[in-house]
Amino acid sequence: MRQFYYGLALFLFLALPPVRHLLESIMAMHMHMQMMLLLVSGLLMAPFIQKKFPALFMNFNKSGYPGLLLFLVIILYWMLPRTMDESLELWTVELFKFISLPFLAGVPIRDSWPKLREASQVVFFLILGVIFSVMSYLYVFSESTLCNNYLMTDQKTVGYGFMFLAISILIYVLLILFTDQRQYFEKDSS
């Protein structure tokens, strides 16, 4: 229950107008900080929501793949430059950002992750790595500004942030593939 309160407090803190305007004033903070923290707030609130609505998660996300797919769709949507622009200009899109990232991305991925096999988790990380690599290329090597509300240097900074995330994911996948991970995935016999 404490975890839910931490997630709710983080969510409400991010919704405060001064915090929101500060995080949205710089593109890298908007993409890599505000959106990630909204996702983390959903991850923290997920166990409470799972206990309150167990039938929803049993019917909707039995294998873990529907929640994973929903997570990827929401994340891909918010990586598009146009959606970042619209979230700054339209309050309805901003509201959708504050609903979709915690509740349509954070909660489903927390519910899906334990249901997935190890191979599916590795494939998921590889997909994220490819997505982040493509986004990095798009933001760094584009010759025009993709977001009307941000400068070209902000755009390149976001691209380098995606590059860092893609390299980090690649290193993590290599670590998983070339080290013994059985101790982390063994089921308790007791």
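Every residue gets a Cβ built from N, Cα and C, even glycine.
These features come from TrEMBL:
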type	residues	note
TRANSMEM	32-50	transmembrane segment
TRANSMEM	62-79	transmembrane segment
TRANSMEM	91-110	transmembrane segment
TRANSMEM	122-140	transmembrane segment
TRANSMEM	160-178	transmembrane segment
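The list of residues near the transmembrane segment (62-79) in space but at least 6 beyond its ends in sequence, with Cβ under 8 angstroms from a Cβ of it, reads 31, 35, 97, 100-101, 104-105, 108-109, 111-116, 120, 124, 127, 131, 135. The stretches the transmembrane segment (122-140) and the transmembrane segment (91-110) do not meet in space: the count of Cβ pairs below 8 angstroms, excluding pairs fewer than 6 apart in sequence, stays at fewer than three.
Counting only same-chain residues 6+ beyond the ends of the transmembrane segment (91-110), those with a CB under 8 A from a CB of the stretch are 7, 11, 14-15, 35, 38-47, 49-50, 61, 66-68, 70-71, 74-75, 77-78, 83.
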